[in-house]
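Colleague: Copying in the features that Swiss-Prot gives for the protein in this structure:
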type     : residues                                                                                      : note
BINDING  : GLY16, GLY18, LYS19, SER20, SER21, ASP32, HIS33, THR38, GLY64, ASN119, ASP122, ALA150, LYS151 : GTP binding site
BINDING  : SER20, THR38                                                                                  : Mg(2+) binding site
COMPBIAS : 184-195                                                                                       : compositional bias 'Polar residues'
REGION   : 168-195                                                                                       : region 'Disordered'
MOTIF    : 30-42                                                                                         : motif 'Switch 1'
MOTIF    : 63-79                                                                                         : motif 'Switch 2'
Amino acid sequence: MMAIRELKVCLLGDTGVGKSSIVCRFVQDHFDHNISPTIGASFMTKTVPCGNELHKFLIWDTAGQERFHSLAPMYYRGSAAAVIVYDITKQDSFHTLKKWVKELKEHGPENIVMAIAGNKCDLSDIREVPLKDAKEYAESIGAIVVETSAKNAINIEELFQGISRQIPPLGPQENGNSGGIKLGNQSLQASRRCC
């Protein structure tokens, strides 16, 4: 029987870059042309095989609007990975991506896997962000970089497979461990002392 690992993943980025569309395409293999902006955050799951394990992605799709920015730490806290999404047709979204990366490095989990998704690659004829720039930036921060199209289902699976490959496998002693706090039995007598 394969071990199932739950991996919390959050999606960050400007409003309108396609975070929700990426999640819908990955989880439901569906694209909605009229998707509404996310309010706060939404949550979906999908389990995929990775080596001798199953990775159950617990995906938090965060709102991109500035007014919801202060909620983001609640979603990336404890995350195994973060997908920072930008729109290849909007240079501003790539600049905002760098702010998200800075915030993750300062306040996120120490060993978080970072993936950069340049979404809307189906619109490459109106591209503002060269892939070369994204690759150089990703390399400078040790992140995965993938250009995606949620609309045309390009590289969506590859994005999450790339994240899976970056997650270290469980060691033999960790199999079956939920990762929670271990409680041990200690003698109460030793701890009962008067001040």
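Note: Cβ is positioned from N, Cα and C throughout, glycine not excepted.
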Colleague: For the binding-site residues GLY16, SER20, HIS33, ASP122, LYS151, which one has the sparsest Cβ surroundings, going by other Cβ atoms within 10 Å?
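Modeller: Least crowded of the binding-site residues GLY16, SER20, HIS33, ASP122, LYS151, by Cβ count within 10 Å, is HIS33.
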Colleague: Would you find the one among the binding-site residues LYS19, SER21 whose Cβ has the most company, meaning other Cβ atoms within 10 Å?
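Modeller: By the 10 Å Cβ neighbour count, LYS19 comes out on top.
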Colleague: For the motif 'Switch 2' (63-79), would you mind checking the mean pLDDT of the predicted model?
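Modeller: Averaged over the motif 'Switch 2' (63-79), per-residue pLDDT gives 65.
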Colleague: Three states by DSSP: which one describes SER20 (Mg(2+) binding site)?
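Modeller: SER20 (Mg(2+) binding site) sits in a helix per DSSP.
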Colleague: Using DSSP and collapsing to three states, where does LYS151 (GTP binding site) fall: helix, strand or coil?
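Modeller: LYS151 (GTP binding site) sits in coil per DSSP, no helix or strand.
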Colleague: Three states by DSSP: which one describes ASP122 (GTP binding site)?
Modeller: helix
Colleague: Can you tell me how far the Cα of ASP122 (GTP binding site) sits from the Cα of SER20 (Mg(2+) binding site), in Å?
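Modeller: So the alpha carbons of ASP122 (GTP binding site) and SER20 (Mg(2+) binding site) sit roughly 17 Å from each other.
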